[in-house]
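This report concerns only the one structure given below.
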Amino acid sequence: MSGGLVVRGLTVRYGGRTVVDGVDLDVVDGRVLGLVGESGSGKSTIARAVLGLAPVHAGAITVGGQEVRRLSARERARRVQMVFQDPFGSLNPRMSVGGIIREGLEALGDLPARERAAEVTRLLELVSLSPDLAQRLPRRLSGGQRQRVAIARALAARPGVLIADEITSALDVSVQAQVLNVLRGILAAERFSMLFISHNLAVVRYISDDIAVMRDGVIVETGPVDEVLAAPRHPYTRELLDAIPQLHPTA
Amino acid sequence: MTTSTAEVGKRPASAGRRVRPTEGRKTPGWVRGLAWKLLRLVISIWAVLTLTFLMIQFIPGDPVRLALGPDAPASLVEERRQQLGLDQPLIVQYFDYWGRMLTGDFGDSLLTQQPVSLLVEARIGNTATIVALSLVATSVVAILGGLLVGIATHRGRRPTLRTGFTLATGIAAALPDFLVAVGLVFLFAVTFTIFPVAGAAGADSFVLPTLAITLGSAATMMRVVRSSTAVVLDQDYLLVARAKRLPATRVYLRHGLPNLLTAALTLGGLQLGTVVTGTIVVENVFAIPGLGTALVQALITRDYPVVQTIMVLLAGTVLILNLLIDVALGALDPRSKRQRS
Amino acid sequence: MRRQLRTVFSTVTGSVAAVLLLLLVLLAIFGPIIWSGKANAIDVAKAWQPPSGEHWFGTDELGRDMFARSLVATRLSLLSAVAASGIAIVVGVPVGLLAAMFGPRLTSAFQSVVNVSIAFPALLTAMFVGTVIGIGVPGAILGVGIAMAPMFARLTQTLTASVISLDYVAAARTMGVPLRRLVGRHVLANVAEPLVITATTSVGTSLLGISALSFLGLGARPPQYDWGGLLSTGLKAIYTSPMAAIGPGTLIALSGIVFSLLGEVIAGAFGDNQSNRRFGRVARAMAAAARRLSAKPASPSDALLDVANLRVGFPSENGELPAVRGVSLRVAAGERVGIVGESGSGKSVSVMAIAQLVEHPAVVTADRLRFLGTELSTMAPAARRRFLGTNLAMVFQNPMSSLNPAMRIGTQLAEVAQVHSGLSASDARTRAADRLAEVGIADAGHRLRQYPHEFSGGMRQRAMIAMGLMETPRLIIADEPTTALDVTVQRQILDLLLAINRDAGAAILLISHDISVIANVCERVVVMYAGVVVEDLPVASLLRAAAHPYTRALIASVPDMTTDRDADLATIPGRPPALDDLPTGCPFASRCAFATDECVAQMPPLAPMADGHLAACWHPQGGAL
């Protein structure tokens, strides 16, 4: 099941406050769109709206041509999945790692019960975790391991679109690299498209094909990563680029 | 994993929040806060009055017959029904009730035929004395004690004091006021005879009732104050105050105390309601002629006008007390919108 | 669950509470069967007898045995209490669940109602209900039950609301997990613990509440009797036969305490989950390793800050956990030094110890801790306070919580100058306005009168820095000052620190997990790992000559705007050693590609690599990165 994510004129309001204001986004099939912006820009709200976790005031959200809000929870789950920011809050502390991943398989009901254990093993190996971890509770895992479990859980649904919301911002830098590498490996091996949300421009640049820059609920600039970063047109994009502390001298 | 968990966990939470400056607001926050609190008080008092009014209607069967007993003549029952206005339509009774309560006409006792206001006048002094003394004693003891023990035992200092405090307040808090009162009667009636154990003959007759109410409620509230002291002492801004090398007195009194009082009042304030009703129990144990003894007597004899009146008075006291706490919280906390929770 | 239960009963309090509870339950079951006859035997001739061998608690006005009656009353007292708690739970929990599951508007309406009813005394509510349905045991049970329901409603609502907002519930929803399973497996399972604890203690509360009502004559009435009723009977004879009151009174108190103890014990067992049992062994092994770390030879103290062999330990159940294990550090006047490390590396603890801000129970030792040529550890506290107050400024990670929410910004700034320079309030305010303007806050006079919540995050951090500039600090320690801020704000704050260093000549010690932040601000970088300094080198040679494999991996693993997008990032396998499980040799050995037996066996000392370049490695690497 594939097909990109298309967002048209998305507006989200909480109370009287407009958090996302008429946003258009295209996550092209098989590509990664990086969505970058500072806190409060509304980038996470877009992710939540796609998954039905935030109230949509206006606009259309389609995956593979289907309006997601008209899909059943199960159908939506097959098309879009998400990995959350906080590796400590996104796994139920009372369920084992295996149970967490298996729950997704059960909810979808695509696999016969006897094949689920093998699938859990496959998914854990896919994110470079030992299948032995299936018996463990989340609290015995490190932050990076938890985040990889969260990725495995999302991939259990074999979604067409994966949304990753600040998945490395709570991790130490050395662990961040592990998670990014795992993600790149999966992107090469499995066919799906990804919306990668981060405040870290360098990380977005590393993982994405296309980029969208967001500020105060509006997309200010979008295009292929190389073009946007090499020749930013919007002043805010330039401000962001200038603000990044550089280790290597830029050529 | 211990330290790294805490550090990593902190970052996303703080990074994800943006505090918007709230300039240019027209009405000052505390005015709106106070208006909101007053509105809540009015609604609560309306609810109390309506419920006490409906109380008589809720009672299955004829409340007057229940009060006067099966042997009372039918004519007397009918007379009292009219006197209570129970023959009128409900809505007329309701507005009549409001009119009377607001003008201080609480009706006549079903049993003595005396105006309830006379009874209240005669007895409110004793009750008010006990309630006021207990409120002051509870607040002072709980806040001072909790604060001092909180500072002294912060971050695992003085483990023996900590254990002793937990044990002593735990036991005191678990003892209900009526048991403490009975215990005090026993002690002072049998062993020592310093304080009178019954009646309201002089100033010293209020000592034991106040003590009976204060012991448990102060212990409960003191535990709350101690734990909120510990929480406040762990706040970043207290670390900053120390990093500014301010003298310890200034760190604790100027930076700690206001925030601490907020925390303590928010949670401990709930305790003050039970201090008010403590008087009902304690008056009965020490045979003090007050509203509490009158209420219990009236409940047993089904003298509904008396029950209604005293319930409204006690409930009103609690509600006003809560309003005062809210106002104090608003004054202590410049954000003025912190909900009591 | 089974393990938790075992923990409950392994504790002394737990077993005491459990035994007492068992006794109470047995009494409730068998008491009436065994003692009913004796309890109801009327013998008016023996009315109001004092305690005797025959009647332990004496007799009542009809000559009935108070002891037997107390035992028989156990059943009614306990059953009523359990029933009242049951009513409170049955009414309160669903209301709280519903309020939490449906929209914010319903929740806030619910909160207003519940907050008022919680502040409303339970005794009045119970009396009200008792009046309506009639005085007696059912009235008392229903009254106390309804009086306690708001507490359960609010607890359930708060707990549920906090669990629902957690990502794993959102994740389960996105997986298409059905609602029934969502509520059961994800929500209820995680709010059950506190609810069970509260339910347990609430039985005690109910028991006391119903006893109070019966004591006042508003609960059990003859011929029924519970402990509260017996107590009021006993009170009548307190002069002649005090045991008649003390007996039932003790039973009430005891049962009340049993249930609150049980609640605390259960809470303790649940809370015990996180406790770590491996600490002791580790702590000892690690202390031994730490001793092998050699301190650098003492050097002449021309530095602004000169720290040698700094150690910080946190006592734990089985020994001291060494967060910092022999850190040596020098900062010259006006120099900008950065400390980089991942979480748990000890970088923050080190600077807190240097600033004399590490609190009990942590233990700080150092061979040398000199600031401006003065040894800090031996200074008198008052003198040290004044000395550091005027010469050292600190900026912390979270500007949201670093300012006192209950004080105006102006007061918080001014008090520094009032305390340390003895300035008058108005002079101090003038200086505060100047400093605010210096850190780039417009309209400083107006801003001084505002509270922290009226400032944005970036402005608060500026205010914190202005606070540090109220005196003339020779050193500013900034501990992750921009971690909680956006990139564009981070740039402004870093530029501000650079400007202060340039204009005021204050040295800067910047702590960050982000090596590129440090590279942008500092002249020298100190790399920490597992409580030790592994490398100390000029920022200029960082990319050219970093020698320690950890430093090199740290640089290579962070993607920046020049990273090759077609290659994997360099990663460091495994994770840092836990404080309670530190190896004897190099702490990085288990994750290092170049590690040999030597590395595992022995901790490498911090040795000179080049001029101004130290590294602690047996196999230093060379070449540009």
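Placement of Cβ uses the backbone N, Cα and C atoms for every residue, glycine included.
Among the features that TrEMBL reports, domain 'ABC transmembrane type-1' is placed at C:74-263.
What TrEMBL records for C:305-555 is domain 'ABC transporter'.
Sequence-distant contacts of the transmembrane segment (C:12-35) (same chain, at least 6 residues past either end, Cβ-Cβ under 8 Å): 68, 71-75, 78-79, 254-255, 258-259, 261-262, 264-265, 269. Taken from TrEMBL, the feature transmembrane segment covers C:12-35 (among others).
Remote same-chain partners of the transmembrane segment (C:76-102), defined as residues 6 or more beyond its termini with a Cβ less than 8 Å from a stretch Cβ, comprise 24-25, 28, 110-111, 137, 140-142, 144-158, 160-161, 164, 183, 195, 199, 202-207, 209-211, 219-220, 224-228, 251-252, 255. Marked as transmembrane segment by TrEMBL: C:76-102 (among others).
Per TrEMBL, the feature transmembrane segment maps to C:123-149 (among others).
The transmembrane segment annotation in TrEMBL covers C:155-174 (among others). When Cβ-Cβ distances below 8 Å are used as the criterion, the transmembrane segment (C:155-174) is approached by residues 92-93, 95-97, 99-101, 107, 110-111, 114, 181-182, 185-187, 190-191, 194-195, 198 of the same chain, each at least six residues removed from its ends.
As annotated by TrEMBL, transmembrane segment applies to C:195-218 (among others).
The transmembrane segment annotation in TrEMBL covers C:251-271 (among others).
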Which residues, given as numbers and ranges, are at least 6 beyond the ends of the transmembrane segment (C:195-218) yet have a Cβ under 8 Å from it?
77-78, 80-82, 84-85, 88-89, 93, 122-123, 126-127, 130, 135, 139-141, 143-145, 147-148, 151-152, 155-156, 159, 225-229, 231-232, 252, 255-260, 262-264, 266-267, 270
Taking the domain 'ABC transporter' (C:305-555) alone, what is its mean pLDDT?
92
